[in-house]
Amino acid sequence: MAVEAKSLSTPLHGMDAEEAELREQLMFDPRPREELNRMVMESMVHTTPRYWAVVAFLAVVVLVCLFGAWGYMIATGIGLAGVRKPVYWGVFIVTFVFWIGISHAGTFVSAILRVFKAEFRRPFTRAAELMTTFGLAAGALYPLIHLGRVWVFYWMIPYPNARWLWPNFRSPLVWDFLAITTYLLSSTIYLYLPLIPDLAMARDRTQGWRHAIYKTLALGWRGTEAEWARLRKAITIFAFAIIPVMFSVHTIVSWDFAVSQTAVWNSTIFGPYFIVGAILSGVSAVVTILVILRATLKNMDYFIRMEHLDALGKLLLVFSMAWAYFFFNDYLVSWYGGYEAVRRVLFFHSSGPDSWIWWSMIIFNVLIPWLTLWNRRIRRTPWAMLIITLLINVGMYFERYTIVPMTLAHQRFPFDWGNYVPRIEIIISIGTLALFILLYMLASRLIPMVPVWEVREGQEAHMIRQIGKAKVPTVSELE
Amino acid sequence: MAEEKQTGRWGMVIDLDVCTGCNACVTACAMENNIPWVGEEDAGYGRGMHWIRVQRYWEGEYPEVSPHYQPVMCQQCGRAPCEPVCPVFATVHSEEQQINLQVYNRCIGTRYCANNCPYIARSFNWFDYSQQIPTPMNYYLNPNVTVRRRGVMEKCTFCVQRIYEGQERAKAEGRVVQDGEIVPACAQACPTDAIIFGDLSDPESRVSKAARNQRRYTLLEELGTEPKVTYLKGEGTYGG
Ligand code: SF4
């Protein structure tokens with residue numbers, strides 16, 4: 001059958017309603033390449049006094065709450081934290097797991113969605129990848145912060161030394177150390193690769209110190225066909241390679257708990273359960289940041305659209321369900337095992353003095369997403385998504401709090417039971433939160449937040465065609 | 001040497017039926033092993049550092065209650081869960097004494113061992129408690145035992161300094177260690193002789209015989225930690 005197809009890629013005057021609806025999607029609303037470049041450049045150099053005020057405030061918070069309080073703790077003793085017998089791990093480890101969880105966002109959104117060719121990912125892969133790098137930077141501090149003697153932390157590193165001592169490779173903490181450094185390294189490279197063409201774009205459009213930085217970072221990118229081919233290949237290899245790394249990181253973090261013999265920690269399902277939780281909290285954080293970027297960064301309302309929140313909202317709903325499934329699975333089998341110590345811990349979670357944390361976790365991670373995210377209108381309302389995703393992350397934080405101190409508080413001998421009250425941990429955790437936001441804000445003015453070439457590439461491939469009377473969105477195969 | 005091999009497996013038996021819960025072992029242990037006191041506030045918060053504690057449980061409803069006392073220290077597990085989790089080999093098994101030892105110099109304070117010890121036998125130096133001892137009191141410190149600094153883990157060693165001393169003395173006198181010659185501080189202080197210490201590899205030693213008693217059990221046997229401490233407890237007796 002012969003079909004007469006006509007491309008409608010360039011917006012025409014007098015679109016009809018059907019076409020206007022299609023044009024609401026970024027991919028079907030192309031703009032000339034130069035304009036895209038200009039918009040992104042503008043967003044990078046545009047700052048307001050309010051921006052600087054926030055940056056200054058965050059810098060002070062980081063100095064005082066993170067480095068000040070941490071320095072004070074190093075000088076005085078880890079006893080400033082609230083940890084006590086038998087709760088030897090507290091909020092430091094909770095926050096550590098939380099940040100490592102957040103860091104799954106970038107890889108998931110960028111690598112997995114790239115491999116599966118999910119087109120909606122295009123404008124915000126970079127925003128997500130940045131979260132990976134900065135989340136890891138914030139999280140990787142905690143294994144140091146929580147040490148009793150941080151000044152000898154390097155004994156955990158395998159290096160040839162005069163004592164002929166290696167670290168204990170049987171210890172999950174050494175696995176952690178190796179996994180996190182691997183992930184930090186590979187995710188930074190993975191952030192950097194797709195950045196090169198954008199850096200070159202920025203290099204050609206700036207002067208002064210910016211030009212100097214971009215010139216170095218762009219590695220002399222000229223955009224020849226051969227360069228593109230190599231870049232594509234490198235990105236593809238990394239996208240595939242980084243997925244197992246991502247899975248390994250949170251699995252290993254979960255093994256910190258699962259290989260121990262503390263009741264309730266000793267669970268075989270912790271690996272996948274932690275990963276699903278990490279992706280849930282990571283993707284939520286991506287949505288939070290997208291909403292904020294859209295409201296604060298110039299020209300972002302063109303790139304980040306309701307369709308993206310919509311798609312991520314659906315993903316969140318799926319992951320919230322998956323999380324609930326794993327949680328239930330873990331809980332039920334532990335409970336059904338009938339081991340007295342395990343049952344007592346589970347009972348303590350949901351009815352002890354801190355049970356509000358456990359219940360909030362259920363409400364924030366399951367109830368709220370399930371009640372709201374099925375609704376298209378809510379998924380497309382930025383402020384609602386902001387609140388929902390923030391709550392999900394609070395819920396995920398509570399999940400880790402339940403797993404770490406609330407489980408340790410109820411060990412096998414009732415004689416040892418003891419409750420945990422965080423002290424300086426709270427201040428230091430606020431410090432790392434400020435560090436994360438600060439790094440993110442600075443980065444938003446230093447590197448292009450939107451991968452222009454990826455958006456452009458997507459827009460080239462997508463077209464609205466007229467087939468007979470109908471307007472049909474099509475996408476041509478890229479690779 | 002053959003004799004030295006023989007004195008390999010140190011173990012302990014605690015007879016709960018004669019323990020009166022007097023806490024003398026706790027005091028003796030603190031004196032022998034330079035265990036710092038942590039001050040009222042920290043102790044109240046649950047940071048007391050005793051290597052041995054007398055767990056106290058009540059049975060029945062008031063006023064018909066009967067107390068149960070159970071001294072618990074590091075059980076010197078044959079397969080110690082605290083050991084594999086340490087990233088820097090600070091908690092290790094001693095080949096010669098077959099007990100679990102903490103290398104204070106090596107410890108970096110991850111506290112993972114303490115989480116993984118099912119008996120909650122380990123104590124952590126949250127602050128530099130040993131530096132806070134007022135001046136004349138520092139003379140009570142036992143010169144045979146390291147004073148621990150802040151940020152390291154510590155726990156019962158079966159008074160390893162006394163084991164060494166006994167072994168060295170016997171070696172110098174050209175004989176094997178006699179049963180009952182080496183006594184840790186807690187066993188020495190116990191007024192009812194509820195704590196028996198000795199060599200488990202000698203089937204005729206007092207501790208081996210006691211460990212074969214039919215009232216025997218070990219703590220949390222189901223975990224397979226193979227503790228070196230055995231408890232004795234009869235049915236239906238008060239006390240203990
Ligand atoms: S009782 Fe605890 S500290 Fe002692 S050897 Fe066993 S696991 Fe280690």
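Every residue gets a Cβ built from N, Cα and C, even glycine.
Where the annotation comes from TrEMBL, it is an automatic prediction and has not been curated.
Taken from TrEMBL, the feature transmembrane segment applies to A:51-75 (among others).
If you look up TrEMBL, you'll see A:87-113 (among others) marked as transmembrane segment.
Same-chain residues lying 6+ beyond the ends of the transmembrane segment (A:134-157) with a Cβ under 8 Å from its Cβ atoms: 66, 70, 73-74, 78, 81, 89, 92-93, 95-100, 102-103, 105-106, 165, 167, 173-174, 176-177, 180, 183-184, 187, 282, 285, 428, 432-433, 435-436, 439-440, 443. What TrEMBL records for A:134-157 (among others) is transmembrane segment.
The transmembrane segment annotation in TrEMBL covers A:177-195 (among others).
Here TrEMBL flags A:234-253 (among others) as transmembrane segment. Long-range contacts of the transmembrane segment (A:234-253) within its own chain (CB-CB distance under 8 A, at least 6 residues past either end) are made by residues 96-97, 100-101, 103-104, 107-108, 110-112, 114-115, 172, 175-176, 179-180, 182-183, 186-187, 189-190, 193-194, 271-272, 274-275, 278.
What TrEMBL records for A:273-295 (among others) is transmembrane segment.
Residues annotated as transmembrane segment in TrEMBL: A:315-336 (among others).
Sequence-distant neighbours of the transmembrane segment (A:356-374) (same chain, 6+ residues past either end, Cβ-Cβ under 8 Å): 280, 313-314, 316-317, 320-321, 323-324, 327, 349-350, 384, 388, 391-392, 394-396, 398-399, 401-402, 406. Annotated transmembrane segment per TrEMBL: A:356-374 (among others), in sequence order.
Beyond its flanks by at least six residues, the transmembrane segment (A:381-398) meets 94-95, 98, 101-102, 277, 280-281, 284-285, 287-288, 291-292, 294-295, 306, 309, 313, 316, 320, 357-358, 360-365, 368-369, 372-373 of its own chain at Cβ-Cβ distances under 8 Å. The annotation transmembrane segment is assigned in TrEMBL to A:381-398 (among others).
Annotated transmembrane segment per TrEMBL: A:424-443 (among others), in sequence order.
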Non-local residues, at least 6 beyond the ends, that sit with Cβ under 8 Å of the transmembrane segment (A:177-195): 100, 103, 106-107, 110-111, 125-126, 129-130, 132-133, 136-137, 139-140, 143, 156-157, 167, 217, 231, 234-235, 238-239, 241-242, 245-246, 248-249, 252-253, 447-448, 451, 453-454
Selected stretch (most C-beta pairs under 8 A with the transmembrane segment (A:273-295)) from A:51-75, A:87-113, A:315-336, A:424-443: A:87-113
Long-range environment of the transmembrane segment (A:315-336) - Cβ separation under 8 angstroms, sequence gap at least 6: 264, 267, 269-270, 272-273, 276-277, 279-280, 283-284, 287, 342-343, 346, 365-366, 369-370, 373-374, 388-389, 392, 399
